[in-house]
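Visitor: Dropping the structure in here first, questions after.
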Ligand SMILES: [Zn+2]
């Protein structure tokens, strides 16, 4: 069975024309008309692939092809179609459209398989609008409550619950979204690598050994917003100079860990006037490592650093955890199936850890998981220049097809 490279390439461009941002690239945020348009297109493709299409109450989209076995479970695979601000055509979309290509190829070949096969298109993977991330897959594992949906808002004060309502999803039904891990055989995601390893290895497709754990913090430093001309240096409680000392310390401390990375990516200054001493600073911290113990140790170190520096400067500090995801290992039997598919397609077997978080992290708490990577030009992602070639995507779709077929027929071994 061969996937159709031309059809896949055309669909990447068609989906990639939805949500075009005048400032460059694509902006498809959750619960917006751009996302709705993209989802309608995906539903149409799913129907062309003869899939049974359903949607849950948080907007996760499913397309199912029924298996022929008794005691069927579901081989679930997919990714997301939301983007960051000014993002590219491949992050998320590559995983969704290759999954549909796999299903359409199976349909055209009247292929049979024991297990049910289901594509999932996760809602709000990127977290660009509500600064939370992975809303859809977090809801599937029961991590969102109605209360949380009603209290988490975007920068305009629109809560997730209100945004959902606009598109007909009901926050009060969030409990109905949860998936039963027992119903799943495994979960597989295909994603662009967003790094340079496959490019360096000169190969189109690889797979992930695991995904780094992630902690997102928001740090608020409060001082006093006094007059810049009349307040002598020794009487100031400048929140920004305090924050800058902390941010320097974050960089220094992170560099003492073997592989940990830490980034302060957002900073807001209040009142933000040229002649006013900054009274309140709020900044975010994104930190990642494959070793969760080291990661927690680093976060604890940052808590102490914030306390020490703010105390010394007579400032107040408050730290919120915005997001926490444990590192995960992908499953050996899924990776074995991936390796055999790579070999079958005369591709080099390359595996690497993933430094970026994906929905597969959440699915790992329900079932066995695997993650396929596609070579990404210059490692660029979350940018209009993000690029994966048509033939690399086709290789990825073919590896996914061959792997899905193996995983859906392994019942004797695993039941
Ligand atoms: Zn993604």
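Just so it is clear, glycine is given a Cβ too, placed from its N, Cα and C backbone atoms.
Automatic, uncurated: that is what TrEMBL annotation is.
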Visitor: 91, 382 bind Zn(2+) 2 in TrEMBL, but which of 55, 126, 339 does that record place at the same site?
Guide: 126
Visitor: Which numbers of helix, strand and coil residues does DSSP report for the domain 'Peptidase M20 dimerisation' (210-311)?
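Guide: Helix, strand, coil within the domain 'Peptidase M20 dimerisation' (210-311): 39 helix, 31 strand, 32 coil.
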Visitor: When you measure from the Cβ of residue 191 (Zn(2+) 1 binding site), which residues in the chain that are at least 6 apart have a Cβ under 8 Å away?
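Guide: The list for residue 191 (Zn(2+) 1 binding site) reads 79, 91, 92, 94, 95, 356, 358, 371, 372, 373, 374, given in order along the sequence.
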Visitor: Would you identify which of the binding-site residues 80, 382 has the most other C-beta atoms lying within 10 angstroms of its C-beta?
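Guide: Within the set of binding-site residues, the most crowded position is 80.
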Visitor: Please name the residue among the binding-site residues 91, 126 whose C-beta has the most neighbouring C-beta atoms within 10 angstroms.
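Guide: When each Cβ's neighbours within 10 Å are tallied, 91 leads.
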